[in-house]
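Visitor: OK, TrEMBL features for this one:
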{"type": "DOMAIN", "residues": "1-203", "note": "domain 'Cytochrome oxidase subunit I profile'"}
{"type": "TRANSMEM", "residues": "7-28", "note": "transmembrane segment"}
{"type": "TRANSMEM", "residues": "48-74", "note": "transmembrane segment"}
{"type": "TRANSMEM", "residues": "95-118", "note": "transmembrane segment"}
{"type": "TRANSMEM", "residues": "138-161", "note": "transmembrane segment"}
{"type": "TRANSMEM", "residues": "173-198", "note": "transmembrane segment"}
């Protein structure tokens, strides 16, 4: 798969995640239309809040802006035929599919946790497997983002060393620093989620 097809795959999965987040947002706003009558119960409201926030960040913004536009723009602006590590690029793209599927499953088989994650996760109302599916989904999405960021950094640095850095577009620098920030922050999130999984299942 070349970078254009992988960019299309990222965009399709991001569109799928965006539609899921949009539908959850619509349900939230529908619930707020009448302050005296709640259309959905508190447990359903909790997992709609959880799913809406995660869908918009991890399954819409990051796949579309980083994966979709990045795969189209980086080789074009750098004058390269493809990214430096095409197989790693394909792996990071296909990891998004089980991540989105696990996220969709988590919305239907368990309760959400509301705005916060850690405080209620070890309590009795959140002992179902829905939260575990959600955490596994975040693991896969984070791994996909780390692999894609490594590919972007490798591609940009290999291009910077072959031409003057003053001729590099500012959007390339933006992708470079964003990828570095993702690699710096996502392992911390993965460690926190792993800690929560051990706390829930073995604590």
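Heads up, the Cβ atoms here are built off N, Cα and C, so glycines get one too.
What TrEMBL says about a protein is an automatic prediction, not a curated fact.
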Visitor: Go through the chain and flag residues at least 6 beyond the ends of the transmembrane segment (173-198) whose CB is under 8 A from any CB in it; none is fine as an answer.
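Guide: Sequence-distant neighbours of the transmembrane segment (173-198): 66, 70, 73-74, 117-118, 121, 132, 135, 138-139, 142-143, 145-146, 148-150, 152-153, 156.
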Visitor: Hey, which bits of the same chain come close to the transmembrane segment (7-28), Cβ under 8 Å, at least six residues off its ends?
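Guide: Counting only partners 6 or more residues beyond its ends, the transmembrane segment (7-28) has Cβ contacts under 8 Å with 1, 39-40, 45, 48-49, 51-52, 55-56, 58-64, 67-72, 93-94, 96-97, 100, 103-104, 107.
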Visitor: If you average per-residue pLDDT over the domain 'Cytochrome oxidase subunit I profile' (1-203), what number do you get?
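Guide: The predicted confidence over the domain 'Cytochrome oxidase subunit I profile' (1-203), as a mean pLDDT, is 81.
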